[in-house]
Structure formats: C-alpha cells, structure tokens
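**Student:** Pasting a structure here, questions to come.
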Amino acid sequence: MINVNKKNKSRNRIFEFLAIFSMAFGLVVGSGIYLKNRSEPGSGGVLDAANNNPYLAIVVWIFIGLICTLMMISFLEISSAIDKDDHNTVQSWSAKFINKKSASMFSIFYVAFYMPILGSLGAMFLVDVLFEQGMQTFARAAYGVDNSLAMFKSNHLGWYITLKIILSSILLISFQVMNTFTSKPSKLIQTTFTFVKFIPLLAVIIGGFAVFFLGNKNGNSFDAAQSDWKVPTFFSTAIPILFAFDGFIYATTLQKDVEHKQVVEPAMLAAIIAVTLFYIIITVSIFIGANDGDIFNLFDTVFSKVPALSLIFKLIISSTLLTIVNGYTTLIPKTIESASHEGFVYFGKRSKTLSHKEASIIGAIITQILFFVTIAASLSIQSITAEPSHMIIADSLSSTTVLYAFVIYTVLIFGQVINRKTKKVQVKEVKGAFVTGIITLCLLLVIIPYVLYQCLIDVYIQKNVSGMIVSISSFVVLIPIAVWYFINKSLLQKYGE
C-alpha cells in the first residue's frame with residue numbers, strides 16, 4: 001500500500017504520481033538491456049539482429065516503445081477489472097476477458113515454460129559473465145594477453161563448462177530454497193538491486209558519450225553501419241527489444257493500492273515513455289561508445305586505462321541479474337498458488353488450499369527439470385554450433401518466451417476491445433482505451449504473426465542453423481505444454497472445477 005498524508009490532498013496526488021512513476025519505471029527497466037546488448041553472432045543481440053545497422057535498431061526501439069505505450073493504456077483498463085483482494089495476474093485477466101480454458105492454458109505456459117526458462121537463464125548468464133570476465137583476468141596472467149581466455153578455455157573446456165553448470169545450479173537451488181521458507185531476503189535483494197542496476201546504466205550513458213566526444217580510436221557502431229533496411233531485418237530487430245520491454249504490463253497492477261485514481265494513467269504513461277527514452281539514450285550511448293554494440297566492450301573502452309574499473313562495473317551488472325533469478329523463483333510459486341486456488345490448474349485434491357511451500361516445491365522441480373534438459377540439449381548439439389555452450393538453448397528460448405507472451409497480450413487486448421461492446425466485465429473505462437486498443441490490436445496482428453513466421457519458419461528457407469535451433473526448440477516446448485493442458489482439462493472435468 002502506498003502510504004500518504006491525508007491532510008494535504010494536492011501533495012498526496014503529487015506523491016502518489018511520483019511513487020507510481022518510480023515503481024513502474026524501476027519495474028520495467030530490467031536486465032533485458034544487458035542480456036540483449038551483446039555482440040556475438042547468433043546471441044540475439046539488438047545490433048546483431050539489425051544486421052549491424054544501428055540506425056534501424058534505434059528506429060525499432062522507438063517503434064516498440066510506442067506500441068508498448070499504447071498497450072499500457074489497454075492493460076490499465078484490463079487490470080482494473082480485478083477486485084482489490086483478488087489475484088491480479090495474466091491468467092486472472094484471461095479468465096475474465098476470454099474464458100477459463102485460456103486461463104488454464106496461459107497458467108501452464110507461465111509455470112511450465114516462461115518463468116522457469118527465464119529464471120534458469122538468469123542463473124546461467126550470471127555465472128557465465130562472472131567466469132568470462134573474471135577468468136579473463138586470470139587467463140591473461142597465466143597465458144599472456146594475446147592468447148588470454150581462448151587458450152585457457154581450450155585447455156580446460158570440460159571442467160570449465162562443468163563448473164559453470166554446477167555453480168548455476170547451486171545458485172538456482174539456493175534461491176528456490178530461500179524463497180520457499182522466507183520472503184524477507186527476496187524483498188531486500190529485489191529492492192536493493194532495483195537501485196543498483198541503474199549505476200552501470202548511468203555509467204554507460206556518461207561513458208559512451210564521453211568516449212565519443214573525446215575520440216574513440218576503436219571507432220563506433222555507426223562507422224561500420226550496414227544499409228540494411230529490409231522488412232525482415234526490421235522485424236528480427238523487434239525480438240530482442242520486445243524482450244527488454246516484456247513485463248511492463250505488470251506495472252498496471254500498482255493501481256490497486258492508489259487512493260487518488262486520477263494520477264494512475266498519467267503516471268503509468270509517463271513511466272513507459274520515460275523508459276522508452278531511457279532505453280534509446282542507452283542504446284545510442286552503446287552504439288557511439290563501442291564498435292560492436294556490446295555493453296561489456298563499451299566498459300573496456302571507457303576504462304581502457306583502468307581495467308579494474310571495467311571489471312567492477314561488469315561484476316555490478318552480473319549482480320543485478322540476481323533480480324531475474326530471485327524474481328522468477330519468487331513468482332513461480334505465487335503463480336502456481338494463484339492458478340491452483342482459482343481452479344485453473346489441478347494439483348490434486350488439495351488444489352484449492354495448496355500451500356506456498358508445496359507450490360515452491362512444484363515450481364522448483366519444474367525449473368530444475370527445464371534447467372538440466374536445456375543444458376543437455378545445448379551440449380548435444382555442440383558439433384553444429386560455433387562454440388560449445390551449455391546455455392544456447394535457454395538463451396534461444398528466451399526470445400521465444402517473449403513472442404509467445406506477446407501473443408497472450410494480443411488476445412487480452414482483443415478481449416478488452418470486445419468487452420467495450422459486450423460490457424461482460426466491469427472495468428474502470430480508461431479514456432481513449434477503445435480506440436488505442438483497436439490501433440494496438442491492428443499493429444500487433446501484423447507484427448506478431450510476421451515475427452513468428454520469420455523466427456520459426458523462414459529460418460528453414462534461409463538455411464539458418466542458429467535460427468533452426470531456436471525454431472525446433474520453440475516447437476518442442478509446446479508439446480509438454482499441450483500435453484499438460486489436456487491432462488489438466490480432463491482432471492478438472494473429473495474432479496470438479
């Protein structure tokens with residue numbers, strides 16, 4: 001609950017506006033900006049997806065920011081349908097605006113795929129960054145600057161990957177155990193690193209522009225810019241950018257605890273616009289400060305004379321990835337509880353009274369299974385990948401999770417637009433939400449199907465090996481989701497919904 005001083009209404013409104021703005025801004029700006037600003041081919045980074053055209057990348061950032069702003073208006077109206085004491089989740093919205101079957105399907109999607117994959121990737125990527133950057137220093141000392149980490153890994157590749165897997169697993173299990181028995185450390189970690197994550201982001205902005213104006217001997221991303229403005233490239237670039245924005249709709253749930261409802265809409269819209277501008281400034285700064293659009297290489301350039309500072313900022317970035325691991329190991333049990341209590345997913349005769357501890361155990365089992373299955377799959381295809389990696393499948397699926405999530409968002413906006421005519425669900429009608437909902441729906445119905453086609457089908461036509469890995473993985477994960485859905489449907493019918 002946002003605490004306000006009831007004696008001064010004007011001051012209260014300003015306070016609530018700023019409180020909602022800051023919380024929404026902090027919630028949306030996440031580690032996606034790090035995960036998707038990498039330069040390795042096939043990494044799914046923004047510049048790689050844009051075929052090394054930074055101008056196109058910036059245009060797509062603006063375009064996706066505009067779409068997310070329009071979507072925010074629709075979801076403000078959608079989330080207003082939930083009573084204050086009820087669950088305010090995607091599946092809850094689906095049950096009201098679509099039907100209970102869709103709520104079951106979406107619940108299973110989030111529990112069996114979306115959250116476990118992103119939580120696992122957070123743990124893998126955190127350990128990977130620590131190793132790649134920390135071991136780089138050790139390797140240089142052991143083998144010299146010219147050979148560095150490449151020689152170190154080639155000589156010890158087996159234990160190098162094994163150790164990363166073990167540490168990632170320990171990290172993931174530790175957070176699962178912690179969030180099963182207590183919530184205080186989780187809240188402290190999330191609150192602390194919500195602020196800490198802005199330290200390297202501000203350093204990126206200042207450092208990137210400083211390097212540019214002082215003269216960067218290594219050049220910048222615009223120097224080697226390609227003139228690729230093809231439609232397929234435009235939509236490919238949208239995928240990592242959608243990943244950076246994903247989760248913004250959950251900021252709309254903040255309105256439940258607000259006394260002055262009139263400040264909600266301007267605060268939310270101001271926040272999503274500010275996020276878009278912030279992302280654009282960061283992207284421009286990375287592009288003018290590094291010649292490959294890589295946020296980590298930018299730090300090497302900025303602190304070329306003091307490598308220790310570069311390492312410190314990379315470690316800070318790594319530490320902020322704890323919010324992904326912590327966030328999803330916290331959300332999975334809550335999502336399972338919500339889905340169970342609302343009758344969307346059947347977890348046995350005690351579904352309606354499923355405890356947090358039981359939900360945590362179920363979530364941990366699902367996450368660990370996906371964690372090790374994706375690792376095994378990644379290692380099994382190392383003969384066709386450029387470099388052996390235990391996280392290539394999880395990394396590839398991170399983009400797919402977002403595409404599938406935006407399909408769900410599109411369905412919900414369709415339900416919101418239809419509801420304006422049917423009045424089936426009682427909502428607080430947001431001014432302009434009907435028109436913007438139709439506009440958003442039209443845009444999404446063009447973008448999402450095309451991106452899905454390009455990501456899942458066109459890769460076979462283009463004979464893109466890394467794209468085929470993403471496509472096959474994306475289709476395969478639908479099988480257990482579909483199986484669970486039909487089994488769950490049968491169980492709900494048999495034992496009562």
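The backbone N, Cα and C atoms fix where each Cβ goes, glycine too.
TrEMBL does not curate its annotations; it predicts them automatically.
Note that this is a predicted model, so its numbers are computed, not measured.
So TrEMBL lists the following for this protein:
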- 14-35: transmembrane segment (TRANSMEM)
- 55-76: transmembrane segment (TRANSMEM)
- 106-127: transmembrane segment (TRANSMEM)
- 157-175: transmembrane segment (TRANSMEM)
- 195-214: transmembrane segment (TRANSMEM)
- 234-254: transmembrane segment (TRANSMEM)
- 266-288: transmembrane segment (TRANSMEM)
- 308-328: transmembrane segment (TRANSMEM)
- 359-381: transmembrane segment (TRANSMEM)
- 401-418: transmembrane segment (TRANSMEM)
- 430-453: transmembrane segment (TRANSMEM)
- 465-487: transmembrane segment (TRANSMEM)
**Student:** Could you tell me what the rest of the chain brings near the transmembrane segment (195-214), counting residues at least six beyond its ends with Cβ under 8 Å?
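**Tutor:** Apart from its flanks, the transmembrane segment (195-214) reaches 26, 29-31, 33, 220, 278, 281-282, 284-290, 295, 298-299, 301-303, 313, 316-317, 319-320, 323.
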**Student:** For the transmembrane segment (234-254), find every same-chain residue at least 6 residues outside the stretch whose CB is under 8 Å from a CB in it, and list them.
**Tutor:** 20, 23-24, 27-28, 30, 32-33, 35-36, 44-46, 49-51, 56-57, 59-61, 63-65, 68, 71-72, 75-76, 78-79, 82, 88, 90, 264, 268, 271-272, 275, 279, 398-399, 402-403, 405-406, 409, 447, 450-451, 454-455
**Student:** Ranking 55-76, 266-288, 359-381 by the number of C-beta pairs under 8 Å to the transmembrane segment (106-127), which range is first?
**Tutor:** 359-381
**Student:** The transmembrane segment (430-453) vs the transmembrane segment (359-381): three or more C-beta pairs under 8 Å (separation of 6 or more)?
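**Tutor:** Touching, no - the transmembrane segment (430-453) and the transmembrane segment (359-381) miss the threshold of 3 or more Cβ pairs under 8 Å.
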**Student:** Do we see three or more Cβ pairs under 8 Å linking the transmembrane segment (401-418) and the transmembrane segment (308-328), pairs being at least 6 apart in sequence?
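**Tutor:** Taking Cβ pairs at least 6 residues apart, the transmembrane segment (308-328) and the transmembrane segment (401-418) are not in contact, as fewer than 3 fall under 8 Å.
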